[in-house]
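Visitor: Annotation source Swiss-Prot lists compositional bias 'Polar residues' at 55-75, 107-126, 202-211, 274-284. According to Swiss-Prot, the region 'Disordered' annotation covers 55-81, 93-394, 418-468. Per Swiss-Prot, the feature compositional bias 'Basic and acidic residues' maps to 178-187, 230-252, 259-273, 291-300, 359-368. The annotation compositional bias 'Basic residues' is assigned in Swiss-Prot to 216-229. The annotation compositional bias 'Low complexity' is assigned in Swiss-Prot to 452-463. The domain 'tr-type G' annotation in Swiss-Prot covers 556-733. Summarising the annotation, Swiss-Prot assigns GTP binding site to 565-572, 615-619, 669-672. Sequence annotations record features per position, and here Swiss-Prot assigns region 'G1' to 565-572 based on similarity to another entry. The region 'G2' feature in Swiss-Prot is assigned to 590-594. For 615-618, the entry in Swiss-Prot reads region 'G3'. Residues or ranges marked as region 'G4' in Swiss-Prot: 669-672.
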């Protein structure tokens, strides 16, 4: 004590009490203290001494009882919980109950549906076993009543005989209480839980014995008895003490989850079973809808409830447990004895209720077996209460399902099915014919249903398999196919194709593409005929520009003329001559040549008509459109030099024009030269199907001179005459569609595309889609460099506003909204990415980066002297490993390297390979100007080595370790900053800032960078073998004599192709 202050722990020692006892006394006396080390005044200590002397010295002297008492005064919740725990310990009657039940129906009591009790529903659990649950204010009275009644009064004797006359009296004891019994507290009796269904063979024995099977209907009389008990004891209780929660629990009976399934038959038999206790049921009707709760466990092993499955009610003669719980608050009015016990004597009501789909397939039950049990007797009645029937459907429990049911209990409830989806009723004849025998039991039903289900399932699988594996009569091979696509076409497994190719020495996987010869080899083994269609030219027009909706608004449009021909035959000179003669008069500065299409006004029959020329030669657009170039044109002009004759490029142009089915006008140029021989040119053209008109054919041939400007008007007049015959029309009122002539990325204006409108009218602000690119037209510029607001059919304009650069030759179309355009471009981009991944020239595996678009590619253009050399080189290229670099063969053919090949290589960044061939005139200059790599070979091995080296050059170099030398630690010196190793260079050399490893007894103790290297106190860059040096590291000082320092460096090395 100091200055009249006393500490709590000193006072506890003085009084021989614990600190918590003193704190409890302080709390009772309202003395403010915080802990056992708090100080109080001497007067307060004296008061505590006086109070503590009157209290017993025991650990019970604490603040907890006082605190609980005060809490009980405020609310009865805590006291009720303590009371519930004490009552739940009364378990003496249970062995007697179990013994009596096992004596009468030991085989029936194995599959009780229970769920584990929890603390949140202890009130309901007490009610389930018939133990009264008093209020908090009736603790002493309830204990007293329980002691008076005794333990045996809580048990209902199961072997007491049951007859129909006294069933109601026995089961509804609380209803029959006399006036003399009202003075006493009614003690509800413990009711035996319901038993599982029994086989029909036991039904007769159970009827004869008359065993009383209590069910859940006994709860309602007990509940009423509870209410009366509360009324009788109301003068002794305080209304404020009873909590809302307890009142709710005492007034509302909650059925168990299991009863929801087991009471199905009771619900269905409600109309058929009428009892004379209607007034009793009206008294027992609960005020609120009952909520599900949980049964109390028996001491036996609990049998968990199965999850409802897709099933129908049991057969007519099968037994069931009737718990007698009416969710609507009604009681049966006729035969109570049969309702309370097993419903054995009356046949069950035949119902057709919608089945409940289940989330798991633990037990297979045949649909047909279920439908045999369905009848049409009650389908109309159940239509009004379909939801009730769905909830109360009963599923029998099988004895071998104990372990599986535990897993099913915690799963979510199944989704109910609408009654409109249920199958209609079967005819009575069909139902009676398939009626099960009374002697059939659950095991037979399960066995039969399983067999039926397996047979139906196997039959359906066979039908599906036969439908999927239907062989094809003839296979059309148009291009390479993957193994998966070929297997689907042949209706055989993919593994079979992989196995067959593996036996032939070809290793493939399911995603690899097979070339046509390999596909033919596989198909021939199947005995299926093969059809290889002729290769369709890409120049053929596959899409119609005009549609049916355009026929009502067609107008004439200018012709689109494409100039084609061999290199240096005067195509560009002819176009320049036409521009100079017809445009210079109207436009003082001439025509801008920055786009590939332009229009010329031509006078024909006294009227000015417009002709649109497409300047394809020398353009990147023409290179991208080479195979499709003829599709955009209406009239093709073939330029042939009179002094050179027909050349390979001329023949190619003729084939494009025929594939596109466009009229062809031949312009024989350079007739002003001395070496010109137009007749020889006509003769050569006849060999390719072009017969001049003067020789009796239909081919129009006009001799012209671009330099002398001879017969240019005749050529233009012929173009207009041919266009009139073709009757070229379009609908300018519709949304525009056409073709991309060329496209490029401008530094100032962004993506720029030259569009040729073939139908409709293109306007500023339109949403256009070109291939996999879309955008909004911000501005349009015509061939003269002027801005225009709209472009009519056969008009070529430059368009600004696209989000990306489209591919030359792509078709464009205008859409009404941007959302639709974005969806289409996304779909096309995905398809384009997939086609690029699947486009392969070898059988190498597709790497992961190929699927993600990160695969490196090497583009090749192959030209050879003969076709046999080309085939040999292509076969050799397929053998190169292509897991990391994909080899793309863009073009292969026999002949010389032309300027067109140079343009294609420049556009696609390809390498041109020439094998025993030459370069055409002008091709080498074009290659130098475009920066195209042209390789020429005459030995195939050298060619393959160089291609493999080029593929390896695309790979990222790998880092390898290169050793520098070894150093031995011979002395260790300690300095202020740490330790320095005195070393001797054994071999090689050691370099400052190189990577090192320190080994001690063969184990690595440190890895890092050599920070400091000195020789004779001088910093040096390197020390060679045979010299001493000092070595130190910033973060390593644990040196030991004899350590070996390995110095090395990382260098890059060219990677090899992995097989």
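Including glycine, each Cβ sits where the backbone N, Cα and C put it.
Just tell me what is around each of these and how deep it sits.
Guide: Long-range Cβ contacts of residue 568 (GTP binding site) within its own chain (separation 6+, distance under 8 Å): 641, 644, 921, 922.
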Visitor: Limited to the region 'G2' (590-594), I'd like the whole-number average of pLDDT.
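Guide: Summarising the region 'G2' (590-594) by its mean pLDDT gives 38.
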Visitor: Say we define neighbours as other CB atoms within 10 Å of the CB. Which of the binding-site residues 565, 571, 671 has the fewest?
Guide: 671
Visitor: Give me the DSSP three-state residue breakdown of the region 'G4' (669-672), ordered helix, strand, coil.
Guide: 0 helix, 1 strand, 3 coil
Visitor: Within the region 'G1' (565-572), how many residues are helix, strand or coil going by DSSP?
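Guide: Per-class counts: 2 helix, 1 strand, 5 coil.
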